[in-house]
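Working notes, beginning with the structure itself.
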Amino acid sequence: MTKLKFTKMHGLGNDFMVIDGINQKFNPSTAPIAAWAQRHTGVGFDQLLLIEAPRQAEADFRYRIFNADGSEVEQCGNGARCFARFVYDKGLSSKKQIVVETAGGVIMPRLNDDGLVTVDMGVPLLAPEQIPFAAIDEEDARSISHQLVIGNETVSVTCINMGNPHAVIVVEDIEQAPVHRLGAAIENHKQFPQRVNVGFMQIVASRRIRLRVFERGVGETQACGTGACAAVVAGISLGLLGDDEPVEVNLPGGQLLISWQQQPDAHVWMTGPTQSVFDGEIDYL
Ligand SMILES: N[C@@H](CCC[C@H](N)C(=O)O)C(=O)O
């Protein structure tokens, strides 16, 4: 039995177990991660974030992400900010802007002088095959919104890939949104072959939304960074939000600022806080 060092961090209450996999040996596997994620018997977290050496010469680090159910996923926005804070604070890098390789593409987090972190989250993808989403026919494939049948209900979803898959639903009142009633059914809907994160968005003004996200492999979280990016891209694409100024995204855990201009190849930018909670050690075989 060896001891594995970790740091507990969060971004707006979306919480993480962060592991330096460069200076200690850690081979991630589902069972220990799912056990450590448990809130009563483990460390308790939404995602485990693993820092590794990059595979591509142009990147500073490789960033791997595991959901609370132990599944490895492609991207995590709140985690990206915590990742950048961790590698700087722990002396793994002296750079305030880093290039990070993920399974969902290259992202570039930057530590700002005001303590916030801004991340270039890359280009959002909207085509069904890029989500991935199985459209029912060609007309459905061309549409920005898709009618999803769940039991005897039909829900209109806009699908965005931010490195990871998101389905965004516009609701009138965020407090009454069917996050728990429909979240898991949409996450596991047969038209999403890799499952999906489900965002419920209330438009408050042309540059302000409220958002709750039922995350794939976790359930509802306090905040979801990629979910915030996806919601803003969906809102702008649907003509419900403007793209001339950053959009304030108000999540249960706090606020993110998201910018995207509706042009081919435009990147999404996310700005928000990070917080370290404690350092710990855990037994590891
Ligand atoms: N909390 C995250 C997203 C984490 C991954 C997601 N649950 C998935 O399965 O894709 C964020 O801040 O983006």
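Cβ coordinates are placed from backbone N, Cα and C, and glycine is handled just like the others.
According to TrEMBL, the protein carries these features:
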ACT_SITE  Cys76  active site, proton donor
ACT_SITE  Cys76  active site
ACT_SITE  Cys224  active site, proton acceptor
BINDING   Asn14, Gln47, Asn67, Gly77, Asn78, Asn164, Asn197, Glu215, Arg216, Gly225, Thr226  substrate binding site
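Here the features listed in TrEMBL are painted onto the structure.
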{"residue": "Asn14", "record": "substrate binding site", "DSSP class": "strand"}
{"residue": "Asn67", "record": "substrate binding site", "DSSP class": "strand"}
{"residue": "Cys76", "record": "active site, proton donor", "DSSP class": "coil"}
{"residue": "Asn197", "record": "substrate binding site", "DSSP class": "strand"}
{"residue": "Arg216", "record": "substrate binding site", "DSSP class": "coil"}
{"residue": "Cys224", "record": "active site, proton acceptor", "DSSP class": "coil"}
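Rounded to a whole number, the C-alpha distance linking the residue listed as 'active site, proton donor' with Thr226 (substrate binding site) is 6 angstrom. Spanning the residues Asn14, Gln47, Asn67, Gly77, Asn78, Asn164, Asn197, Glu215, Arg216, Gly225, Thr226 that the record associates with binding substrate, the maximal Cα-Cα distance equals 16 Å. Each of the binding-site residues Asn14, Asn67, Asn78, Asn197, Thr226 was scored by other CB atoms within 10 A of its CB, and the lowest score goes to Asn67. The active-site residues under consideration are Cys76, Cys224. Their Cβ neighbour counts within 10 Å are lowest for Cys76. Counting only the Cα atoms, the space from Asn78 (substrate binding site) to Cys224 (active site, proton acceptor) is about 6 angstrom. Apart from the site residues Asn14, Gln47, Asn67, Gly77, Asn78, Asn164, Asn197, Glu215, Arg216, Gly225, Thr226, the chain places the Cβ of Asp46, Ile65, Val73, Gln75, Cys76, Gly79, Val213, Val218, Thr221, Cys224, Gly227 no farther than 8 Å from the centroid of the site's Cβ atoms, the recorded substrate location. Arg216 (substrate binding site): 25 other CB atoms within 10 A of its CB, across all protein chains.
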